[in-house]
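To start, the structure itself, in C-alpha cells.
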Amino acid sequence: MRRAAAAAGREEAPPGAPGPSPEEEQRKKATVIHVVYLIAALDITWMFLQFSVTPYLAKKLGFDTLWFGYLQTTVGVIQLIGGPMFGRFADLFGARLALSLSCSATIVFFLLLAIANHPAMLFIHKLPTIFMHVLPACQMVVADLSEPENCADALSKLGLCFGIGMITGSTLGGHLITRYGETFTACVGAAGSAFSLLLVLKFIPKTTKTQAAAADTHSENTNKSVFSVGEITRLMKFPGVVRTFAVKIVAGLPSGIFQVMFSIIALDFFKLQPEQNGYLMAYFGIVNMFIQGGVMGPLTARFTENYLLVLSVGVASLVGLAQAYMQNVFQLCLTIVPMMFSLSVFNVITDTMLTKSVPSTDTGTMMGLCASVQSLLRTVGPTVGGFLYVNYGLPSIGLTQFVVNIAVFAYLLRPHLKKTPERRE
C-alpha cells in the first residue's frame, strides 16, 4: 500500500476559488523538500557537534568506559520511549508542530549541556531527547511528498544531508572544543538549533498529508491519543512489516554497537585527540556523501529493494570480519568505505520498505518506529559494547558483527538461491 504524493503547504481556499495549478503544487512541494533537507543537515551538524563535546566532557567529569556506556544507554531508553509517540504526534498534529517541538527540545538539550559541571548533569541534559526526533520528522515529510517510485532516492538524499552534517559538525566541534572549550561549543549548538526552529516556522506547512488523509487525521484527533499503543502496534499487522523490523533489529545491532562505541574506541584504542577525531568523522561524512549522492540513486533504480537488502547485510558481515583484525587508523579508514555503503543501503532500503507498507496517514508513526529501532540499538549497544570491549577487546565487536550478519544473510538469501539478481525494468 502506498500513498499518493501529498499536497504541501496547501491552505484551504474560499468556496468557489480556483485551486493552485499542478505546476504550482510541484514547486511548493519541491521548496518544502529542499528546506527539509537543509533542516536535516543542520540538525545532524548540531548532533555531531554534541558528539564532539560529550566524550571529552564525560572524561573530564570522571566517567570511565562503562559509565559512558550507561550514559549512552540512557539516551537510547529515552528515545526508545519517545520515538513511536513522537511519530504518532506528527501524524495527528502535522509536520510544523512536530518539527517545532523537536527543535525546541534540542535548544534545551544544548543549554543543559553548556551548564553541565557534575556527572549527574550529563544524565539530566539527556532528558529532552525524548522529543528530539528531527530526522524521523524530516523523513515523514519527504516520504509524504515523494512519488512512490522516487521514495528511496528521495530518502537517500537525507543521507546526503547526514554526510554534510557529519563533516561540518565534526570538524566544527573539534576546532571549537580545542580553542574555546565545551561550554562555548554547546552554546553554538543551542544557537544553531534556534535557527533551525525559525526555518520550521517560516517554511514548513502545518501538514504534508493529502487532503483526504489530512481530513481523516483531523477526525482522529478527537478520539485517538498520542499514547495509543494499539494504534502504534496496529502497523505491525501490515504484510512484511514484522519481517523487515526483525531484520532491521537483528542485523543492525552489531553495527550499532560499533557506532555507539566509536567515540570511546577513537579515544582509548586509537588515542585520537578531539581535532583528529573531528577529521576522522569528516572522512566518514565525505564517504557517506559520495554513497548517498552518487551510488544510491543508480542502485535503487536498477535493483529491487529485496536484492539490495541482501547485498547490504552481506557486505556488513565482511566489514565486521575486517574490523576484528584492524590495528591502526589507516586500516580503520579502509573499512569505512564498505561500512558506510552497507549502512546507507540497509537503512534507506528498510525505511523505504516499511513506509511503503502503510497508508499515508501513518508515515509519521512508522518513521517513529524506525527511529525507535535505532534507539533500541543505542539502548543495548553501549552496555553490550562496553562489556565486549572491556573484557575481550575491539576484535570481539567485529567478530560479533560478522557472525550475526552472516546468519541474517543466509536467512535472506534462501528465497533467492534459485533466482538471478532482480533488476528493475
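Cβ coordinates are placed from backbone N, Cα and C, and glycine is handled just like the others.
Each residue in the domain 'Major facilitator superfamily (MFS) profile' (29-418) has a pLDDT score, and their mean in this model is 83. According to TrEMBL, the domain 'Major facilitator superfamily (MFS) profile' annotation covers 29-418.
Taken from TrEMBL, the feature region 'Disordered' applies to 1-26.
Residues annotated as transmembrane segment in TrEMBL: 35-53 (among others).
Residues annotated as transmembrane segment in TrEMBL: 65-86 (among others).
Away from its own ends, the transmembrane segment (93-115) comes close to residues 39, 43, 46, 50, 53-54, 57, 86, 121, 124-134, 137-138, 140-141, 144, 182-183, 186-187, 189-190, 193-194, 196-197, 200-201, 204-208, 221, 364 of its chain (Cβ-Cβ under 8 Å, at least six residues beyond either end). Look at TrEMBL and you will find 93-115 (among others) tagged as transmembrane segment.
The annotation transmembrane segment is assigned in TrEMBL to 127-146 (among others).
The transmembrane segment annotation in TrEMBL covers 158-177 (among others).
Under the heading transmembrane segment, TrEMBL lists 183-201 (among others).
Residues or ranges marked as transmembrane segment by TrEMBL: 245-267 (among others).
The transmembrane segment annotation in TrEMBL covers 279-299 (among others). Panel annotation: around the transmembrane segment (279-299), residues 48, 51-52, 152-153, 156-157, 159-160, 162-171, 174, 266, 272, 308, 329, 332-333, 336-337, 340-341, 344-345, 348 of the same chain, lying at least six beyond its termini, place a Cβ under 8 Å from a Cβ of the stretch.
As annotated by TrEMBL, transmembrane segment applies to 306-323 (among others). Sequence-distant contacts of the transmembrane segment (306-323), counting only residues of its own chain at least 6 positions beyond either end whose CB sits under 8 Å from a CB of the stretch, comprise 247, 251, 254-255, 258, 299-300, 331-332, 334-335, 338-339, 341-343, 345-346, 349-350, 353, 394-395, 397-406, 408-409, 412-413, 416, 421-422.
Within its own chain, the transmembrane segment (396-413) has Cβ neighbours under 8 Å at 247, 250-251, 253-255, 257-258, 261, 306, 309-310, 313-314, 316-326, 385, 388-389, counting only residues six or more beyond its boundaries. For 396-413 (among others), the entry in TrEMBL reads transmembrane segment.
Listed as Cβ neighbours of the transmembrane segment (183-201) (distance under 8 Å, sequence separation of 6 or more from its ends, same chain) are residues 35, 38-39, 42-43, 45-46, 49-50, 52-53, 96, 99-100, 103-104, 106-107, 109-111, 113-115, 134, 172-173, 176-177.
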